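Participant: Below you will find the structure I want to go over with you.
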Amino acid sequence: MERFKKASSIIETLKQQGHEAYFVGGSVRDLIIDRPIGDIDIATSALPEEVMAIFPRHVPVGLEHGTVIVVENGEPYEVTTFRTESEYEDFRRPSSVQFVRSLEEDLKRRDFTMNAIAMTEEGEMVDLFAGQEAIQKREIVTVGNAADRFQEDALRMMRGIRFVSTLGFSLETKTKQAIETYGHLLEHIAIERITVEFEKLLTGTYCVKGLKELVETKLFSHLPYLQMSEERLLKATQYNWDSFETDIEAWAFFLYCIGEEHPSVFLRQWKFSNKKIKDIVAVLLTIRKRKEKDWDTVLLYKTGIHIAEMAERVYEAMIESYDHTSVERVQTLFQALPIKSRQEMDVTGNDLLNWASKKPGPWVAEMIQKIEEAIVQGNVVNEKECIREWLQECNLL
């Protein structure tokens with residue numbers, strides 16, 4: 001409750017000005033579940049302009065949706081006016097937002113009952129839709145009619161399965177049936193929004209359970225490049241996903257599980273950044289080499305420790321080995337390398353030009369590469385004079 005206490009002065013100030021105000025959303029849910037608290041959000045009957053007038057330190061980030069960031073005790077908090085939403089367009093966004101003075105009207109527009117619980121600054125729960133009961137049963141239940149909620153915003157179906165993965169809850173029967181019925185509406189949603197939810201699914205503590213629900217509800221069949229992947233997705237549920245430390249590893253392992261032959265094409269379709277695509281593909285390529293042989297100095301040097309650590313964790317999951325010392329072994333091998341990058345070489349292209357009676361050309365880069373490999377393999381000490389002597393002995397100068 002300590003973090004809520006820091007924000008309670010905002011609620012107290014709003015109430016002193018004659019407004020209602022409550023803590024709402026995921027932070028309240030996580031408090032009840034006893035999970036780490038993320039962002040703390042506040043809902044109020046005060047209109048955005050009233051909030052800004054009351055709190056001088058504010059940032060008007062989403063006034064059309066009624067949201068103002070209020071800075072209190074050095075921390076930013078989203079303060080959003082109670083609102084209701086009109087008919088939705090394209091199964092993804094409301095055509096308009098109306099500000100209201102009723103907490104109930106605000107809570108009834110939310111996706112799941114566990115996310116529709118409000119809390120006073122004293123810690124008293126305002127639970128109008130049996131959200132605490134759903135949490136006790138470890139069930140994900142929509143607020144009101146599931147068909148209505150999913151037709152309003154089809155991404156809620158993906159969010160529901162993401163919560164299965166992150167919380168370990170189960171989909172309530174009617175909620176699950178509605179996902180099976182309305183899953184096709186997900187095709188109206190921007191892939192960027194789906195990717196965010198899918199990544200949270202893959203990195204969730206109960207990822208295997210989430211993937212099973214993805215298959216059972218047939219929602220996977222409405223996702224890019226996964227339409228024909230039922231058997232492969234089920235294969236993915238047979239592995240242990242607990243050892244991954246990054247989203248890069250989770251995506252690399254997922255692509256391995258579904259047998260994706262063109263990972264770059266898949267990832268571009270899912271709108272990943274070029275940097276992320278590069279890292280995921282690098283992990284997959286490294287695993288391919290790792291399957292052929294154990295780590296040696298050259299492979300480890302060329303791979304780099306960042307990719308090597310991730311590749312080793314994914315490789316261990318692939319072969320269903322739970323030897324937690326394997327990554328430590330990679331780290332030890334890397335630390336023992338004579339150099340960690342080309343920048344650490346005690347020789348430059350200018351040195352080579354001074355030593356050799358040749359004009360500049362491609363031979364300089366080729367020679368640097370030979371020296372680099374020789375240092376990494378331990379054939380020459382990384383000292384300028386030693387390198388010069390080695391070049392002369394090898395008739396390379």
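Backbone N, Cα and C atoms are what each Cβ position is placed from, and that goes for glycine too.
Residues or ranges marked as CTP binding site in Swiss-Prot (evidence: sequence analysis): Gly26, Arg29, Arg110, Asp153, Arg156, Arg159, Arg162. Taken from Swiss-Prot, the feature ATP binding site applies to Gly26, Arg29, Arg110, Asp153, Arg156, Arg159, Arg162. The Mg(2+) binding site annotation in Swiss-Prot covers Asp39, Asp41.
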Participant: Hey, of the binding-site residues listed (Asp39, Asp41, Asp153), which one tops the CB count within 10 A?
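Facilitator: Highest number of other Cβ atoms within 10 Å: Asp153.
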Participant: Enter the number of other CB atoms within 10 angstroms of the CB of Arg110 (CTP binding site).
Facilitator: 20
Participant: Once the chains shown are all counted, how many other Cβ atoms turn up within 10 Å of the Cβ of Arg29 (CTP binding site)?
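Facilitator: There are 24 of them.
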Participant: Would you measure the largest Cα separation among Gly26, Arg29, Arg110, Asp153, Arg156, Arg159, Arg162 for the ATP site and round it to whole Å?
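Facilitator: This binding site's residues have a maximal Cα-Cα distance of 21 Å.
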Participant: To the nearest Å, how far is the Cα of Asp41 (Mg(2+) binding site) from the Cα of Gly26 (CTP binding site)?
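Facilitator: Rounded to the nearest whole number, the Cα-Cα distance is 8 Å.
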Participant: When neighbour density is defined as the number of other C-beta atoms within 10 angstroms of a residue's C-beta, which of the binding-site residues Arg156, Arg159, Arg162 has the lowest density?
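Facilitator: Comparing Cβ neighbour counts within 10 Å for the binding-site residues Arg156, Arg159, Arg162 gives Arg159.
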Participant: Let me know the DSSP-derived helix, strand or coil state of Asp41 (Mg(2+) binding site), please.
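Facilitator: Going by the DSSP assignment, Asp41 (Mg(2+) binding site) falls within a strand, counted as strand.
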Participant: Secondary structure at Arg156 (CTP binding site) (DSSP, helix/strand/coil)?
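Facilitator: DSSP call for Arg156 (CTP binding site): helix.
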Participant: Can you give me the Cα-Cα distance between Arg110 (CTP binding site) and Asp39 (Mg(2+) binding site) in Å, rounded to a whole number?
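Facilitator: Roughly 17 Å, rounded to the nearest whole number.
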